[in-house]
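Report on the structure given below.
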Amino acid sequence: MPAPPALKKKSGTKNPPILSQEYLIQNHGDIACGILMIVALGTLVQATSSYCTAFFGPRHNVTNFDSFNALPTPLFNYGYKDLAMLFSYTLICITAHAIWQEYVLDKLYKKLHLSKSKNAKFFESGQLILFYFVSVLWGFMLFNDEAYLGSGLEYLWRDYPYMGMTTWTKLYFIIQVSYWLHNFPELYLQKVRKEDMPARIVYTSLYLITILYAYLTRFWRISLVLLTLHYFIEIFYHASRLAHFYATTKTGSTTAKLISVYLFKTWNVIFVVGRLASVVLAWLTFWFGLKTSSINKITFTTTSVANTNENSTAINESIIISNFNTPTVRLFTLAATGVLQFWLVWNFIQFHMRRRREQRSTRPASVASPKVPNKLKQKQHSLTNGKSDNDEVAEQPVVSVGGQNRHIRSMSTSRKIRVGLVGFGLSGRVFHAPFLHTMSTMYELRSVVERHANEAIKIYPYVKTVRSTTELFDDPEIDLVIITTSNDLHYSLSKQALEKGKHVVVEKPMTVRSAEALELIELAKKKNLILCPYQNRRYDSGYRTIKQIINSKLLGDEIVDCEIHFDRYRPELKGGNAWRERNEPGAGILYDLGSHLIDQTLSLFGHPQTITADIRTQRSVGDVDDYFDVRLDYGRLRITLKASMLVREMGPRYVLHGLRGSFIKHGDDIQEGILRTGVMPTTMDKDDSSWGKEPSENDGLLHTETNDGRIIKEKYETLRGNYGLFYEQLYAAIVDGDQLEIRPEDGYNVIRIIELGIQSSQEKKTLQCDKLL
């Protein structure tokens, strides 16, 4: 259920202090708008009107009023008063940017679920295409109103250095400069990634320098034409990129894909034509046209214009008209224009060369379909309408729904990550291999380590079975190693894989001891490799739903109490090789299920102040903890995390209480239960898919109050779970250089909280949550 309009507020789990860094980032649009409103109110007060109007209307009027023309076209020069306009219009650009971001781009982003690198490009193109579109329309309006179209090419240099520019021409240049000026604070305000900043600073600076140069040298007409032509070309590029993002995330949108391809091809054509036209126009203007009125040196001529003051009294004003039409300036301007056009063409060629190399390096996927025993063909959808069963289920091969292998989505590059899987027990078989197989445009499952069995090759005939981790880690063809062994081996195997130059995904908990986690983090940084703990429960349906509720502030500005359960009913120990219930390092329910609940809490609310834990063994047959009650204190907020193996009648999974309301949700995410039966997640990224969709009876109860005082008590639709999002974001981190959503520091913090919880339970006292990263 979408948030009621009256409840929609800016995201965030708490209000940052006024004038803090986070406060400025969250409210920069409102702050800029507030400053503008204060200046605008100043125009209504007689004492400040003359000063405040300078922030909005053009100054340096050079219109020559005479008796023969009572209403001439207003003309303006440039001068120091333009700084006031630049200040106000930069604030206007910041405000408009924030509005467009919040009410259009953010809403589209939430629907598309882009990776962080794609998200940055999506926001960049979304902002630029609006500015380019408005600038092109403005340019064509000026062409029509000022007779560009009917006067021939000679109009570009006729009457230079011109007496002045029209109102709309001056506003055009002021807004152009203001827009590119506002891009610099936006790097901070929009939290642009550090790796994206250099490129943005370069092109923003080039725009700013070029436009200021044209404005100050009075080459207004030719620069207006060249800018409009350039912006027109860029519209097609950014439109094709936006359509591409939509097509690749909405896999069923054939129309979007066709539009993207059409726009991209159109951009290729008009880019070449537009660059050639730009060079020709610059050459004609600076080499031939302006040469007819050339001077030997730059001059600043003082001239008088007849004007009137506010009392309609005739006055004479002196203005300075600069003339830069010297051979040196013209040659420099022509050369600079040529270099800039050559640089754009060079980038265009490099872009297409990279695409060609990627296309050539793409090998056709020859992935065999997994083998499906007949006895499982009737079980494909057995759990799609029921809840996930956390008890053990007999191991079953993977079933591909519909008998075919679909891709979750295409990425911006064709590179595949070659994967080695360490272990093929429950984790490797259920949570990893099915997604690696399905997402075959991103990943290629090459090898699986099985000490004695050959289970993986029965399901995935194309994989290679190896008998030792050494053999896997020594394979130069492996890019990524996924470790799904018992917890006590996580540290040693992760360290070996990193030392061999492999990226590593390691099942939670990342290690048994926090000191081991720190060592792995430092090693990964030293080797410049990805180290990522696998926390699939961040993509559970329930967690995604409460995260949306918290960020939307549906329960008020603050959450004051949160309770998360992960209960089961298993009075007997699991049979077989159940290492989780043996008395060894990393065993027990706190390391197992507690890792999920702690990670969810830290992700939602940050670092707690104190911890109080009660960890017990309730079953008489048990050797390790099978119950915990962990209390995390955040000041006004208190978090309770509980899990037990002796809960036959399940209570709520999540309970949230805020300043204005409550949310209570029963039921578990269904993905694990479906994956255990062998169903392949082939439809997880389709909007109309039932993948990860809990039955409606599991929808939580939202009981809250709207901003206008209306009481709401109704079911809140549960979002779909999707474990595939983990592997999408991992791919973006490895291939595109995105920051990990689940950082290795997050894995360390989970272990640190577990250690503190064990200490708190043993000493029966509350401890400070120190040494968190």
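Residue numbering: from 1, along the chain as shown.
Placed from the backbone N, Cα and C atoms, the Cβ positions cover glycine too.
Note that the structure is predicted; figures quoted are calculated from it, not measured.
Per TrEMBL, the features are as follows:
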DOMAIN    120-359  domain 'TLC'
REGION    359-394  region 'Disordered'
REGION    684-704  region 'Disordered'
TRANSMEM  31-56  transmembrane segment
TRANSMEM  83-101  transmembrane segment
TRANSMEM  122-142  transmembrane segment
TRANSMEM  162-181  transmembrane segment
TRANSMEM  201-216  transmembrane segment
TRANSMEM  267-290  transmembrane segment
TRANSMEM  331-349  transmembrane segment
Please report, as numbers and ranges, the same-chain residues at least 6 past the borders of the transmembrane segment (201-216) whose CB is under 8 Å from any CB of it.
78, 173, 176-177, 180-181, 183-184, 187, 222-223, 227, 322, 333, 340
Proximity verdict for the transmembrane segment (162-181) and the transmembrane segment (331-349), three or more C-beta pairs under 8 Å:
no
What average pLDDT is reported by the model for the domain 'TLC' (120-359)?
88
